[in-house]
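J.: Sharing a structure here in structure tokens format.
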Ligand SMILES: Nc1ncnc2c1ncn2[C@@H]1O[C@H](COP(=O)(O)OP(=O)(O)OP(=O)(O)O)[C@@H](O)[C@H]1O
Ligand SMILES: [Mg+2]
């Protein structure tokens, strides 16, 4: 890759000797290539072990920690923005949580045949403010569990970022092996519901309905699969913990029947949850410290990350996928939006009248240039009234609308006909490039 003019020459490779239970934190810039290798000892990146000797490329924009339980020597080669060793980490408390969850999984497995409740493994939900390390903790818990042979289900409720698929969705997938530091979660068959917006307040009712749909689907799968049932779930959430965000967290605990709530880095949230969940003695609430290593991200960085996530869906992490430019006749698809349009403010209505907009109404959308640059979901629904209860097969990106010839030009992940003619649109946009 050509280096930017005027950028400093890459420093020579350098070695770090890590004492036990310490970590090397590295922040990689947008263009700088960086690679890492383990020279001696053992180390892991968010729960996934580093292979000995081999160089591992670290993707641009990554913020990682290379942690060692017993000591290690690490070599870095290339350019980074930040690199330092930290010996104060909350990792011991995190792995203690893992050990408790592991015990519960073993217990659940041993209780097969003695009822659905006893054979249900832990359902862990990770909550906390933005940039408290929720996604990272989920990743570690999943990787540690899968390393021990469990296949826990990862549920991602964060529509803002999307660890399983693109933003604007809630999704679930079994995790069968430690999550690769570079590649992320292998996407065999995730269950994806399309919400279509990157913030829940656009249509909070729809968000709640989709959580219920996802939970129901998982419940069905679990009832026929003792192995997944015993392994349980790890649920990632948004960083919105006040007002509506808080209400949605409580709803998530309820909907997914979470029995372990891990609260990262906020005393207030923890005590609020303890108070309101008092009536549910089977729900454990555990406060955990946030790692100092968690990197803060502002709105702009988040927006960029969203955009890269969509790019990755079509082009792959390192341009290893080749999406197709497809041309679809207007008459070959139907496009729907969920929600009856913007609600009239109460102040504009006669006293006592309720806003009429129905948040879960499915509305047919006219195909016109308003669809330009939007990301649409391809629904598995056969009829429009099944859209809300159907998960989605994938996404297309509208690159052009030819009104005269009545054709949609779009990017699709693979060639050939779409798996369904029913498309769903929200407000999720993408500007390629
Ligand atoms: N110990 C660490 N050292 C270095 N970087 C870290 C460490 N822990 C987490 N990070 C990085 O910090 C960033 C934020 O962490 P993470 O995504 O887990 O936070 P979050 O609470 O999920 O944020 P959000 O509220 O946006 O979902 C990520 O890029 C992650 O890779
Ligand atoms: Mg997160």
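Counting begins at 1 with the first residue displayed.
Quick reminder: no glycine exception, Cβ is built from N, Cα and C everywhere.
TrEMBL: automatically predicted annotations, no manual curation.
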J.: Given that TrEMBL annotates 23, 131, 132, 133, 134, 135, 136 as binding ATP, state which candidate in 63, 109, 208 belongs to that site as well.
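T.: Record check against TrEMBL: ATP site with 23, 131, 132, 133, 134, 135, 136, extra candidate from 63, 109, 208 is 63.
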J.: State, in Å as a whole number, the widest CA to CA span among the ATP-binding residues 23, 63, 131, 132, 133, 134, 135, 136 given in the record.
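T.: Farthest-apart Cα atoms in 23, 63, 131, 132, 133, 134, 135, 136 are separated by 19 Å.
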J.: Let's see if you can do this one: DSSP helix, strand and coil counts over the domain 'Clp1 N-terminal' (17-108), in that order.
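T.: Grouping H, G, I as helix and E, B as strand yields 18 helix, 42 strand, 32 coil.
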J.: Do you know which of the binding-site residues 23, 63, 131, 132, 133, 136 end up with C-beta under 6 Å from ligand 2?
T.: none
J.: Over the domain 'Clp1 C-terminal' (321-432), work out the mean pLDDT and round it to an integer.
T.: 89
J.: If one looks at the chain holding residue 132 (ATP binding site), which residues at least 6 apart in sequence have a CB under 8 angstroms from its CB?
T.: 239, 264, 265, 266, 290, 294
